[in-house]
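**Student:** The structure that follows is given in the form of structure tokens.
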């Protein structure tokens with residue numbers, strides 16, 4: 001563990017090894033009295049495998065609108081559940097209804113070709129589906145054509161009768177440059193999300209229809225919206241050359257975070273002419289651009305015909321801009337289930353709605369900035385050291401995942417002690433490259449072993465424990481159904497930890513007033529208690545219940561026989577998640593393929 005950053009999360013001089021501040025922190029945390037829930041007996045049910053026809057499909061049959069949404073901080077592995085729902089015979093329409101290309105899903109077709117979708121629904125490869133990008137989405141049409149539609153053109157895969165685009169808000173090059181120039185390191189995907197949503201709410205900028213209509217109106221709207229861009233350059237004292245140089249610096253490690261056409265915009269002398277020409281040639285007159293339609297009307301008509309609709313949720317509940325707890329470090333759209341339904345513009349009184357929450361464990365993760373009480377290291381640990389990709393992690397360090405996880409759960413967690421309070425000791429793990437704080441070692445090893453990097457950003461994700469405190473609220477708002485992906489990772493663990501509470505501690509003895517409650521050192525926040533705002537969560541540390549793993553009894557699809565009884569450790573893990581969150585686990589992931597799902601008898 002490491003000392004928490006302040007509410008504004010400034011950079012810290014983090015170390016690889018255990019430092020004096022971590023030892024001082026643990027000196028206090030080890031005195032926290034154990035909470036009764038650590039020793040509370042949880043009934044271990046016998047969970048049995050069942051077919052998709054007997055589990056998921058009956059749920060779909062009872063509803064008209066199905067939503068698959070993230071339950072943590074994104075990157076939960078939603079695509080697999082989306083694919084499973086989309087294959088239901090009556091599910092004919094799949095839609096993205098808000099947010100933009102800051103989501104990422106990797107899908108493989110029947111012959112193993114890889115496709116990466118950021119804005120297009122990930123069910124584009126699913127037979128007999130019509131896929132929609134709705135009008136409340138934000139789209140960079142140039143990136144959309146290059147990165148997403150270009151995959152279909154290259155592989156000669158038809159898409160014109162499967163994909164339809166509404167009157168989306170257009171993300172321009174200057175929105176992406178505003179994002180680059182105005183964002184703190186690691187705080188953004190650089191996809192222009194905050195700037196385009198600012199244009200949206202101030203009724204500036206353009207929508208897709210503007211590109212296909214009067215050029216004079218298009219030019220006028222672009223010119224008005226670009227005042228913000230020119231204003232930022234003036235305030236920061238930047239020239240076009242400075243902006244180009246900043247773009248080149250961002251791309252210097254070989255990852256193209258700023259596309260070439262955005263850099264060309266920064267170079268362009270007449271930027272309005274550049275944009276009009278760009279959109280005329282590559283959108284308006286582009287025969288490969290997908291068909292356009294009134295998406296809301298089409299989806300309502302499909303529902304009226306008795307067809308079922310799947311709404312594919314981008315990001316997640318806790319990354320929703322409509323949730324106060326992590327508001328400063330969220331995306332710019334309401335990515336909760338309620339937000340999706342509102343963006344889809346349906347009469348919610350008319351239809352039965354099914355929400356399937358998706359979480360991931362072990363190795364629950366987050367990218368970007370913000371609080372993350374259940375993480376192995378502070379959320380800004382990598383960005384503070386300018387680590388942008390997995391390749392930039394310490395060379396040769398923390399590569400023995402098995403040794404590290406064993407040390408973590410058997411040494412740092414002294415579960416045999418009568419005074420064990422669920423807080424691990426900041427011991428040091430040592431390998432040939434040096435000494436590492438065990439939280440740092442576990443974070444690096446998890447990122448390496450599980451390939452945890454952002455689907456969009458390529459940044460290492462910060463891993464940690466399954467957080468029952470946060471999921472209790474998710475379940476209360478949009479539960480109870482939960483699919484947990486990547487559970488086969490547990491095949492490599494001797495034990496598994498889940499967060500069942502937090503303890504608040506600030507080294508300066510500072511208190512935080514959140515919604516009228518004052519949080520002070522030693523305060524416990526349990527699953528089911530009000531979740532405080534991020535100002536308090538920066539100073540919260542996980543109280544972890546350690547449960548038995550199932551190493552030696554793998555559930556990975558490549559090693560397990562179908563319908564083989566689930567190991568006791570898996571059942572114990574699921575039972576504890578259900579007990580502390582109130583969720584109902586309907587499936588667990590056990591491999592990389594779309595079909596690698598174990599459905600649980602309900």
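Here the Cβ of each residue, glycine as well, is placed from N, Cα and C on the backbone.
Just lifted these from Swiss-Prot, have a look:
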BINDING   74, 75, 76, 77, 78, 79, 80, 104, 105, 106, 461, 589, 590, 591  GTP binding site
ACT_SITE  75  active site, proton acceptor
BINDING   75, 76, 77, 78, 102, 103, 104, 105, 189, 203, 315, 331, 459  IMP binding site
BINDING   75, 104  Mg(2+) binding site
ACT_SITE  105  active site, proton donor
BINDING   455, 456, 457, 458, 459, 460, 461  substrate binding site
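Could you tell me the structural context for the features on the list?
**Tutor:** Residue 590 (GTP binding site) carries neither a helix nor a strand DSSP state and counts as coil. Residue density at residue 590 (GTP binding site): 25 other Cβ atoms are found within 10 A of its Cβ, drawing on all protein chains shown.
All chains included, 25 other C-beta atoms sit within 10 angstroms of the C-beta of residue 75 (active site, proton acceptor).
According to DSSP, residue 105 (GTP binding site) is assigned to a strand segment.
Following the DSSP three-state reduction, the secondary structure of residue 75 (active site, proton acceptor) is coil.
DSSP classifies residue 461 (GTP binding site) as coil under the three-state reduction.
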**Student:** What is the Cβ neighbour count of residue 460 (substrate binding site) at a 10 Å cut-off, with all protein chains included?
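**Tutor:** Other Cβ atoms found within 10 Å: 27.
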**Student:** Restricting the comparison to the recorded positions 75, 77, 80, 189, 590, which residue's C-alpha is spatially nearest the C-alpha of residue 458 (substrate binding site)?
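**Tutor:** So, of the listed recorded positions, the one sitting closest to residue 458 (substrate binding site) is 189.
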**Student:** Quick one: Cα separation, residue 315 (IMP binding site) versus residue 74 (GTP binding site), in Å?
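**Tutor:** Checking the Cα atoms of residue 315 (IMP binding site) and residue 74 (GTP binding site) gives a distance of 4 Å.
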**Student:** Report the nearest neighbour of residue 189 (IMP binding site) in space among the binding-site residues 74, 80, 590, comparing Cα positions.
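**Tutor:** In terms of Cα distance, residue 189 (IMP binding site) lies closest to 74.
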**Student:** Which state, by DSSP, holds residue 189 (IMP binding site): helix, strand or coil?
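**Tutor:** DSSP assigns residue 189 (IMP binding site) to coil.
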**Student:** If we check Cα distances from residue 459 (IMP binding site), which of the binding-site residues 78, 80, 590 wins as closest?
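**Tutor:** The smallest Cα gap between residue 459 (IMP binding site) and any of the binding-site residues is with 78.
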**Student:** So the record assigns 75, 76, 77, 78, 102, 103, 104, 105, 189, 203, 315, 331, 459 to IMP. If I measure every Cα pair among those residues, what is the longest distance in angstrom, as a whole number?
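**Tutor:** Those residues reach a largest Cα separation of 34 Å.
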